[in-house]
Amino acid sequence: MSSVVVVGTQWGDEGKGKITDFLSENAEAIARYQGGNNAGHTIKFDGETYKLHLIPSGIFYKEKISVIGNGMVVDPKALVEELKYLHDKGVDTSNLRISNRAHIILPYHIRIDEADEERKGANKIGTTKKGIGPAYMDKAARVGIRIIDLLDKETFKEKLEHNLGEKNRLLERFYELEGFKLEDILEEYYGYGQQFKDYVCDTSVVLNDALDDGKRVLFEGAQGVMLDIDQGTYPFVTSSNPIAGGVTIGSGVGPSKINHVVGVAKAYTTRVGDGPFPTELFDSIGDNIREVGREYGTTTGRPRRVGWFDSVVVRHARRVSGLTDLSLTLLDVLTGIETLKICVAYKLDGKTITEFPASLKDLARCEPVYEELPGWTEDITEVKSLDDLPVNCRHYMERIAQLTGVQVSMFSVGPDRAQTHVVKSVWRLA
(Lines of atoms letter the chains of each structure in order from A and count residues from 1; the text may use other names and numbers.)
(Lines give C-alpha, C1' and ligand atoms only; values in the text may rest on other atoms or scores of the structure.)
Protein backbone atom coordinates (compact mmCIF):
# COMPACT_ATOMS: atom_id res chain seq x y z
CA MET A 1 0.00 0.00 0.00
CA SER A 2 1.26 3.45 -0.91
CA SER A 3 -0.58 6.76 -1.08
CA VAL A 4 0.52 10.26 -1.99
CA VAL A 5 -1.33 13.54 -1.52
CA VAL A 6 -0.61 16.45 -3.87
CA VAL A 7 -1.42 19.88 -2.41
CA GLY A 8 -0.79 23.43 -3.51
CA THR A 9 1.40 25.34 -1.08
CA GLN A 10 0.45 28.84 -2.20
CA TRP A 11 -2.79 30.42 -3.49
CA GLY A 12 -3.50 27.77 -6.10
CA ASP A 13 -2.38 27.60 -9.75
CA GLU A 14 0.97 26.08 -8.72
CA GLY A 15 0.91 23.40 -11.42
CA LYS A 16 -0.76 20.65 -9.37
CA GLY A 17 -2.51 19.23 -12.43
CA LYS A 18 0.78 18.77 -14.25
CA ILE A 19 2.45 17.15 -11.22
CA THR A 20 -0.59 14.96 -10.55
CA ASP A 21 -0.59 13.88 -14.17
CA PHE A 22 3.11 13.05 -13.94
CA LEU A 23 2.67 11.04 -10.72
CA SER A 24 -0.43 9.34 -12.13
CA GLU A 25 1.81 7.22 -14.33
CA ASN A 26 2.76 5.17 -11.27
CA ALA A 27 -0.62 5.32 -9.52
CA GLU A 28 -3.52 2.91 -9.89
CA ALA A 29 -6.20 5.25 -8.58
CA ILE A 30 -6.41 9.05 -8.59
CA ALA A 31 -8.92 10.93 -6.45
CA ARG A 32 -10.07 14.49 -5.91
CA TYR A 33 -11.32 15.22 -2.40
CA GLN A 34 -12.55 18.85 -2.26
CA GLY A 35 -13.64 21.83 -4.30
CA GLY A 36 -15.60 21.83 -7.52
CA ASN A 37 -15.38 23.37 -10.96
CA ASN A 38 -14.00 26.60 -9.47
CA ALA A 39 -10.47 25.26 -9.97
CA GLY A 40 -9.05 24.49 -13.36
CA HIS A 41 -6.04 22.40 -14.24
CA THR A 42 -4.27 22.18 -17.57
CA ILE A 43 -2.81 18.85 -18.65
CA LYS A 44 -0.77 17.91 -21.70
CA PHE A 45 -1.29 14.30 -22.77
CA ASP A 46 -0.14 12.66 -25.99
CA GLY A 47 0.60 16.04 -27.51
CA GLU A 48 -2.88 17.41 -26.77
CA THR A 49 -3.70 20.10 -24.20
CA TYR A 50 -6.73 19.53 -21.97
CA LYS A 51 -8.37 21.89 -19.49
CA LEU A 52 -10.34 20.16 -16.76
CA HIS A 53 -12.30 21.60 -13.86
CA LEU A 54 -14.03 18.66 -12.16
CA ILE A 55 -12.69 15.37 -13.42
CA PRO A 56 -9.36 14.13 -11.95
CA SER A 57 -6.19 14.25 -14.02
CA GLY A 58 -5.99 10.45 -14.07
CA ILE A 59 -8.92 10.18 -16.48
CA PHE A 60 -6.51 9.87 -19.41
CA TYR A 61 -5.24 6.51 -18.14
CA LYS A 62 -8.09 4.10 -18.84
CA GLU A 63 -6.57 1.35 -16.70
CA LYS A 64 -6.57 3.62 -13.62
CA ILE A 65 -9.57 4.57 -11.49
CA SER A 66 -10.40 8.29 -11.34
CA VAL A 67 -12.50 9.37 -8.37
CA ILE A 68 -14.65 12.42 -7.63
CA GLY A 69 -14.76 12.15 -3.84
CA ASN A 70 -17.52 12.87 -1.35
CA GLY A 71 -15.89 16.14 -0.26
CA MET A 72 -16.43 17.75 -3.65
CA VAL A 73 -19.40 19.84 -4.74
CA VAL A 74 -20.46 18.85 -8.23
CA ASP A 75 -22.29 20.99 -10.76
CA PRO A 76 -24.20 18.30 -12.73
CA LYS A 77 -24.42 20.50 -15.83
CA ALA A 78 -20.69 21.25 -15.76
CA LEU A 79 -19.90 17.56 -15.23
CA VAL A 80 -21.97 16.50 -18.24
CA GLU A 81 -20.30 19.20 -20.34
CA GLU A 82 -16.83 18.09 -19.23
CA LEU A 83 -17.62 14.45 -20.01
CA LYS A 84 -18.81 15.48 -23.49
CA TYR A 85 -15.66 17.57 -23.95
CA LEU A 86 -13.54 14.49 -23.21
CA HIS A 87 -15.67 12.15 -25.32
CA ASP A 88 -15.44 14.55 -28.28
CA LYS A 89 -11.65 14.35 -27.98
CA GLY A 90 -11.81 10.55 -27.97
CA VAL A 91 -11.07 10.08 -24.25
CA ASP A 92 -12.55 6.96 -22.65
CA THR A 93 -14.15 7.90 -19.30
CA SER A 94 -15.29 4.44 -18.20
CA ASN A 95 -12.70 4.55 -15.40
CA LEU A 96 -14.49 7.44 -13.64
CA ARG A 97 -16.15 6.91 -10.25
CA ILE A 98 -18.34 9.57 -8.62
CA SER A 99 -19.19 9.54 -4.92
CA ASN A 100 -22.86 9.09 -4.17
CA ARG A 101 -22.30 11.30 -1.11
CA ALA A 102 -20.93 14.34 -2.98
CA HIS A 103 -23.19 17.39 -2.86
CA ILE A 104 -24.47 19.08 -5.99
CA ILE A 105 -24.49 22.68 -7.17
CA LEU A 106 -27.82 23.94 -8.50
CA PRO A 107 -28.73 27.12 -10.43
CA TYR A 108 -29.82 28.96 -7.29
CA HIS A 109 -26.36 28.44 -5.76
CA ILE A 110 -24.77 30.14 -8.76
CA ARG A 111 -27.25 33.03 -8.80
CA ILE A 112 -26.80 33.63 -5.07
CA ASP A 113 -23.01 33.49 -5.46
CA GLU A 114 -23.10 36.09 -8.24
CA ALA A 115 -25.54 38.34 -6.39
CA ASP A 116 -23.64 38.18 -3.12
CA GLU A 117 -20.34 39.04 -4.76
CA GLU A 118 -21.98 41.97 -6.54
CA ARG A 119 -23.57 43.18 -3.30
CA LYS A 120 -20.22 43.23 -1.48
CA GLY A 121 -18.73 45.67 -3.97
CA ALA A 122 -15.25 46.71 -2.84
CA ASN A 123 -15.38 44.07 -0.09
CA LYS A 124 -15.86 41.18 -2.50
CA ILE A 125 -13.99 37.92 -1.88
CA GLY A 126 -13.00 37.30 -5.50
CA THR A 127 -15.10 34.17 -5.93
CA THR A 128 -15.29 32.45 -9.33
CA LYS A 129 -19.12 32.72 -9.06
CA LYS A 130 -19.56 29.00 -9.70
CA GLY A 131 -21.85 28.45 -6.70
CA ILE A 132 -19.21 26.65 -4.67
CA GLY A 133 -19.62 28.63 -1.44
CA PRO A 134 -23.43 28.53 -1.35
CA ALA A 135 -23.37 24.76 -2.02
CA TYR A 136 -20.98 24.18 0.89
CA MET A 137 -23.18 26.46 3.03
CA ASP A 138 -26.16 24.21 2.31
CA LYS A 139 -24.07 21.17 3.14
CA ALA A 140 -23.11 22.63 6.53
CA ALA A 141 -26.71 23.72 7.14
CA ARG A 142 -27.84 20.14 6.39
CA VAL A 143 -30.14 21.16 3.55
CA GLY A 144 -27.78 20.21 0.71
CA ILE A 145 -28.77 17.80 -2.04
CA ARG A 146 -26.39 14.92 -2.72
CA ILE A 147 -25.82 12.95 -5.89
CA ILE A 148 -27.63 9.97 -4.36
CA ASP A 149 -30.66 12.27 -3.95
CA LEU A 150 -30.39 13.56 -7.52
CA LEU A 151 -30.67 10.03 -8.90
CA ASP A 152 -34.00 9.40 -7.12
CA LYS A 153 -36.53 11.70 -8.80
CA GLU A 154 -39.01 11.63 -5.93
CA THR A 155 -36.35 12.46 -3.34
CA PHE A 156 -34.81 15.11 -5.58
CA LYS A 157 -38.19 16.77 -6.14
CA GLU A 158 -39.01 16.77 -2.43
CA LYS A 159 -35.68 18.30 -1.39
CA LEU A 160 -35.62 20.75 -4.28
CA GLU A 161 -39.15 21.95 -3.53
CA HIS A 162 -38.23 22.54 0.11
CA ASN A 163 -35.04 24.44 -0.78
CA LEU A 164 -36.64 26.59 -3.47
CA GLY A 165 -39.04 28.10 -0.96
CA GLU A 166 -36.12 29.46 1.05
CA LYS A 167 -33.83 30.30 -1.89
CA ASN A 168 -36.54 32.18 -3.79
CA ARG A 169 -37.37 34.28 -0.74
CA LEU A 170 -33.68 35.14 -0.42
CA LEU A 171 -33.30 35.98 -4.11
CA GLU A 172 -36.51 37.97 -4.43
CA ARG A 173 -36.63 39.83 -1.12
CA PHE A 174 -32.96 40.37 -0.30
CA TYR A 175 -31.24 40.46 -3.69
CA GLU A 176 -34.33 41.68 -5.61
CA LEU A 177 -33.77 39.06 -8.29
CA GLU A 178 -36.06 36.58 -9.97
CA GLY A 179 -36.35 33.18 -8.31
CA PHE A 180 -36.69 29.73 -9.87
CA LYS A 181 -39.64 27.50 -10.68
CA LEU A 182 -39.46 23.86 -9.65
CA GLU A 183 -39.99 22.66 -13.21
CA ASP A 184 -37.13 24.89 -14.43
CA ILE A 185 -34.65 22.76 -12.51
CA LEU A 186 -36.24 19.38 -11.82
CA GLU A 187 -36.32 17.81 -15.28
CA GLU A 188 -33.07 19.34 -16.54
CA TYR A 189 -30.96 18.36 -13.55
CA TYR A 190 -32.55 14.96 -13.05
CA GLY A 191 -31.68 14.40 -16.72
CA TYR A 192 -28.05 15.30 -16.07
CA GLY A 193 -27.94 12.79 -13.22
CA GLN A 194 -29.24 10.07 -15.49
CA GLN A 195 -26.42 10.78 -17.92
CA PHE A 196 -23.72 10.04 -15.33
CA LYS A 197 -25.51 7.60 -13.00
CA ASP A 198 -23.43 4.64 -14.17
CA TYR A 199 -20.31 6.28 -12.70
CA VAL A 200 -21.89 6.74 -9.25
CA CYS A 201 -20.91 4.52 -6.31
CA ASP A 202 -19.53 4.55 -2.76
CA THR A 203 -16.05 5.82 -3.59
CA SER A 204 -14.81 5.38 -0.01
CA VAL A 205 -15.15 1.63 -0.54
CA VAL A 206 -13.41 1.86 -3.93
CA LEU A 207 -10.42 3.75 -2.52
CA ASN A 208 -10.03 1.70 0.65
CA ASP A 209 -10.28 -1.55 -1.31
CA ALA A 210 -7.55 -0.30 -3.64
CA LEU A 211 -5.26 0.56 -0.72
CA ASP A 212 -6.00 -2.72 1.05
CA ASP A 213 -5.08 -4.53 -2.16
CA GLY A 214 -1.66 -2.84 -2.11
CA LYS A 215 -2.40 -0.41 -4.92
CA ARG A 216 -0.93 3.06 -5.24
CA VAL A 217 -3.46 5.85 -4.71
CA LEU A 218 -2.88 9.50 -5.56
CA PHE A 219 -5.01 12.23 -3.97
CA GLU A 220 -5.29 15.43 -6.00
CA GLY A 221 -5.97 18.69 -4.18
CA ALA A 222 -7.49 21.78 -5.77
CA GLN A 223 -6.66 25.41 -4.96
CA GLY A 224 -3.90 25.72 -2.33
CA VAL A 225 -3.13 25.88 1.38
CA MET A 226 -3.48 29.67 1.45
CA LEU A 227 -7.03 29.27 0.17
CA ASP A 228 -7.96 26.73 2.86
CA ILE A 229 -11.00 27.86 4.82
CA ASP A 230 -9.26 27.17 8.15
CA GLN A 231 -5.57 27.74 7.42
CA GLY A 232 -5.67 30.26 4.58
CA THR A 233 -6.04 34.04 4.30
CA TYR A 234 -9.60 34.02 5.63
CA PRO A 235 -12.04 35.31 4.40
CA PHE A 236 -10.24 35.45 1.02
CA VAL A 237 -10.37 31.68 0.79
CA THR A 238 -12.34 28.84 -0.75
CA SER A 239 -15.12 27.05 1.12
CA SER A 240 -13.36 23.73 1.65
CA ASN A 241 -10.08 22.28 2.98
CA PRO A 242 -7.39 21.89 0.29
CA ILE A 243 -4.80 20.99 2.96
CA ALA A 244 -3.75 17.35 3.27
CA GLY A 245 -6.06 16.86 6.26
CA GLY A 246 -8.98 17.42 3.90
CA VAL A 247 -8.18 14.11 2.21
CA THR A 248 -9.53 11.98 5.03
CA ILE A 249 -12.82 13.89 5.22
CA GLY A 250 -13.27 14.36 1.50
CA SER A 251 -12.38 10.84 0.36
CA GLY A 252 -13.42 8.56 3.21
CA VAL A 253 -9.87 7.23 3.64
CA GLY A 254 -8.42 7.28 7.16
CA PRO A 255 -5.25 9.25 8.06
CA SER A 256 -3.27 6.08 8.84
CA LYS A 257 -3.39 5.24 5.12
CA ILE A 258 -1.62 8.41 3.96
CA ASN A 259 2.13 7.96 3.31
CA HIS A 260 3.50 11.12 1.71
CA VAL A 261 2.38 14.69 1.09
CA VAL A 262 3.85 16.51 -1.90
CA GLY A 263 3.58 20.28 -1.80
CA VAL A 264 3.60 21.93 -5.21
CA ALA A 265 5.11 25.42 -5.30
CA LYS A 266 5.88 27.78 -8.11
CA ALA A 267 9.43 29.13 -8.18
CA TYR A 268 7.71 32.47 -7.59
CA THR A 269 4.24 33.28 -6.17
CA THR A 270 0.90 34.09 -7.81
CA ARG A 271 -2.58 34.86 -6.62
CA VAL A 272 -6.00 35.35 -8.24
CA GLY A 273 -8.59 37.47 -6.48
CA ASP A 274 -8.42 39.88 -3.60
CA GLY A 275 -6.57 39.83 -0.30
CA PRO A 276 -3.12 40.78 1.04
CA PHE A 277 -0.11 39.53 -0.94
CA PRO A 278 3.17 40.60 0.76
CA THR A 279 5.61 39.84 -2.08
CA GLU A 280 3.44 41.18 -4.92
CA LEU A 281 5.34 42.82 -7.78
CA PHE A 282 4.05 45.91 -9.58
CA ASP A 283 7.04 46.49 -11.84
CA SER A 284 8.36 45.26 -15.19
CA ILE A 285 9.77 42.11 -13.57
CA GLY A 286 6.28 41.17 -12.40
CA ASP A 287 4.85 41.91 -15.85
CA ASN A 288 7.55 39.79 -17.47
CA ILE A 289 6.91 36.83 -15.15
CA ARG A 290 3.16 37.08 -15.86
CA GLU A 291 3.66 37.01 -19.63
CA VAL A 292 6.41 34.37 -19.77
CA GLY A 293 4.56 32.18 -17.25
CA ARG A 294 1.20 32.74 -18.99
CA GLU A 295 -0.28 33.67 -15.65
CA TYR A 296 -3.96 33.87 -16.50
CA GLY A 297 -6.64 31.85 -14.70
CA THR A 298 -7.74 28.54 -16.28
CA THR A 299 -11.32 29.03 -15.07
CA THR A 300 -11.76 32.81 -15.27
CA GLY A 301 -9.06 34.05 -17.65
CA ARG A 302 -8.22 36.73 -15.09
CA PRO A 303 -4.58 37.90 -14.97
CA ARG A 304 -2.90 36.53 -11.87
CA ARG A 305 -1.11 38.74 -9.39
CA VAL A 306 2.61 37.94 -9.37
CA GLY A 307 5.27 38.13 -6.65
CA TRP A 308 8.59 36.74 -5.43
CA PHE A 309 8.83 33.32 -3.76
CA ASP A 310 7.57 33.58 -0.18
CA SER A 311 9.15 31.03 2.16
CA VAL A 312 6.92 32.21 5.03
CA VAL A 313 3.90 31.02 3.06
CA VAL A 314 5.43 27.65 2.14
CA ARG A 315 6.67 27.04 5.70
CA HIS A 316 3.09 27.58 6.84
CA ALA A 317 1.97 25.06 4.21
CA ARG A 318 4.60 22.58 5.39
CA ARG A 319 3.37 22.78 8.97
CA VAL A 320 -0.40 22.61 8.40
CA SER A 321 -0.23 19.97 5.65
CA GLY A 322 2.69 17.91 6.97
CA LEU A 323 4.65 18.20 3.73
CA THR A 324 7.22 15.48 3.16
CA ASP A 325 8.30 16.64 -0.30
CA LEU A 326 8.34 19.75 -2.46
CA SER A 327 7.77 19.92 -6.20
CA LEU A 328 9.10 23.19 -7.61
CA THR A 329 7.46 24.29 -10.86
CA LEU A 330 8.01 26.95 -13.53
CA LEU A 331 11.71 27.41 -12.80
CA ASP A 332 12.23 28.25 -16.46
CA VAL A 333 10.08 31.38 -16.12
CA LEU A 334 12.78 32.99 -13.96
CA THR A 335 15.50 32.55 -16.58
CA GLY A 336 17.07 35.87 -17.51
CA ILE A 337 16.24 37.74 -14.31
CA GLU A 338 19.56 39.13 -13.09
CA THR A 339 18.79 39.13 -9.36
CA LEU A 340 16.19 36.90 -7.72
CA LYS A 341 14.58 37.53 -4.37
CA ILE A 342 13.19 35.13 -1.77
CA CYS A 343 11.08 36.40 1.10
CA VAL A 344 12.58 34.91 4.28
CA ALA A 345 10.48 36.76 6.89
CA TYR A 346 8.13 39.70 7.39
CA LYS A 347 8.57 43.00 9.21
CA LEU A 348 5.51 43.89 11.27
CA ASP A 349 5.56 47.10 13.30
CA GLY A 350 9.36 47.00 13.34
CA LYS A 351 9.55 43.38 14.49
CA THR A 352 10.71 40.44 12.38
CA ILE A 353 8.23 37.56 12.20
CA THR A 354 8.81 34.21 10.53
CA GLU A 355 5.35 32.65 10.87
CA PHE A 356 2.33 33.56 8.79
CA PRO A 357 -0.06 35.86 10.71
CA ALA A 358 -3.73 34.94 11.20
CA SER A 359 -4.87 38.58 11.11
CA LEU A 360 -5.40 40.02 7.65
CA LYS A 361 -4.98 43.47 9.17
CA ASP A 362 -1.50 42.42 10.32
CA LEU A 363 -0.73 40.71 7.01
CA ALA A 364 -1.63 43.84 5.06
CA ARG A 365 0.95 45.77 7.12
CA CYS A 366 3.69 43.17 6.71
CA GLU A 367 6.73 44.14 4.68
CA PRO A 368 8.72 41.31 3.11
CA VAL A 369 12.30 40.73 4.23
CA TYR A 370 14.21 39.60 1.15
CA GLU A 371 17.32 37.60 0.52
CA GLU A 372 18.87 38.17 -2.89
CA LEU A 373 20.40 35.46 -5.06
CA PRO A 374 22.05 35.71 -8.47
CA GLY A 375 19.88 34.53 -11.35
CA TRP A 376 20.83 32.56 -14.45
CA THR A 377 20.67 33.25 -18.18
CA GLU A 378 21.03 29.71 -19.53
CA ASP A 379 18.03 28.03 -21.20
CA ILE A 380 17.01 25.26 -18.80
CA THR A 381 13.99 23.90 -20.68
CA GLU A 382 15.98 20.98 -22.12
CA VAL A 383 17.76 19.80 -18.97
CA LYS A 384 17.35 16.13 -18.06
CA SER A 385 18.44 16.09 -14.43
CA LEU A 386 19.30 18.23 -11.42
CA ASP A 387 22.99 18.16 -12.36
CA ASP A 388 22.22 19.73 -15.74
CA LEU A 389 20.87 22.90 -14.15
CA PRO A 390 23.06 26.02 -13.93
CA VAL A 391 24.82 26.43 -10.59
CA ASN A 392 22.77 29.51 -9.68
CA CYS A 393 19.53 27.67 -10.39
CA ARG A 394 20.58 24.77 -8.15
CA HIS A 395 21.56 27.23 -5.41
CA TYR A 396 18.13 28.86 -5.71
CA MET A 397 16.41 25.48 -5.26
CA GLU A 398 18.68 24.52 -2.37
CA ARG A 399 17.96 27.79 -0.59
CA ILE A 400 14.22 27.26 -0.96
CA ALA A 401 14.59 23.78 0.55
CA GLN A 402 16.57 25.20 3.47
CA LEU A 403 14.14 28.04 4.14
CA THR A 404 11.00 25.91 3.90
CA GLY A 405 12.37 22.84 5.62
CA VAL A 406 11.15 20.55 2.84
CA GLN A 407 13.29 18.56 0.42
CA VAL A 408 12.81 19.34 -3.29
CA SER A 409 11.97 15.92 -4.72
CA MET A 410 10.72 17.12 -8.11
CA PHE A 411 11.16 20.14 -10.35
CA SER A 412 9.81 21.22 -13.70
CA VAL A 413 11.23 23.48 -16.41
CA GLY A 414 8.35 23.62 -18.86
CA PRO A 415 4.76 22.52 -19.53
CA ASP A 416 5.47 19.11 -21.09
CA ARG A 417 5.63 15.87 -19.14
CA ALA A 418 9.24 15.34 -20.28
CA GLN A 419 10.16 18.64 -18.60
CA THR A 420 9.31 17.34 -15.12
CA HIS A 421 12.22 15.67 -13.33
CA VAL A 422 12.47 13.51 -10.22
CA VAL A 423 15.21 14.04 -7.65
CA LYS A 424 13.76 11.52 -5.18
CA SER A 425 10.73 9.28 -5.75
CA VAL A 426 7.66 10.29 -3.74
CA TRP A 427 6.30 6.75 -4.12
CA ARG A 428 8.93 5.45 -1.70
CA LEU A 429 7.59 3.43 1.23
CA ALA A 430 9.69 5.23 3.87
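Here the Cβ of each residue, glycine as well, is placed from N, Cα and C on the backbone.
The active site, proton acceptor annotation in Swiss-Prot covers ASP13. Look at Swiss-Prot and you will find HIS41 tagged as active site, proton donor. Residues annotated as GTP binding site in Swiss-Prot: 12-18, 40-42, ARG304, 330-332, 412-414. Sequence annotations record features per position, and here Swiss-Prot assigns Mg(2+) binding site to ASP13, GLY40 based on sequence analysis. Marked as IMP binding site by Swiss-Prot on the basis of sequence analysis: ASP13, GLU14, GLY15, LYS16, ASN38, ALA39, GLY40, HIS41, THR128, ARG142, GLN223, THR238, ARG302. What Swiss-Prot records for THR298, THR299, THR300, GLY301, ARG302, PRO303, ARG304 is substrate binding site.
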*Three-state secondary structure of THR42 (GTP binding site) from DSSP?*
strand
*Around ASN38 (IMP binding site), how many other C-beta atoms are within 10 angstroms of its C-beta?*
27
*Among the recorded positions GLY12, ASP13, LYS18, HIS41, LEU331, which ones place their C-alpha within 10 angstroms of the C-alpha of THR300 (substrate binding site)?*
none
*GLN223, ARG302, PRO303 screened against GLY12 (GTP binding site), Cα within 10 Å - retained binding-site residues*: GLN223
_Within a 10 Å radius around the Cβ, which one of these binding-site residues has the most neighbouring Cβ atoms: GLY12, GLY15?_
GLY12
*List the Cα distance (Å, whole number) between GLY301 (substrate binding site) and GLN223 (IMP binding site).*
16
*Do you know offhand how many angstrom separate LEU331 (GTP binding site) and ARG302 (IMP binding site) by C-alpha?*
22
*Quick one: of the recorded positions ASP13, ARG304, VAL413, which has its CA closest to the CA of GLN223 (IMP binding site)?*
ASP13
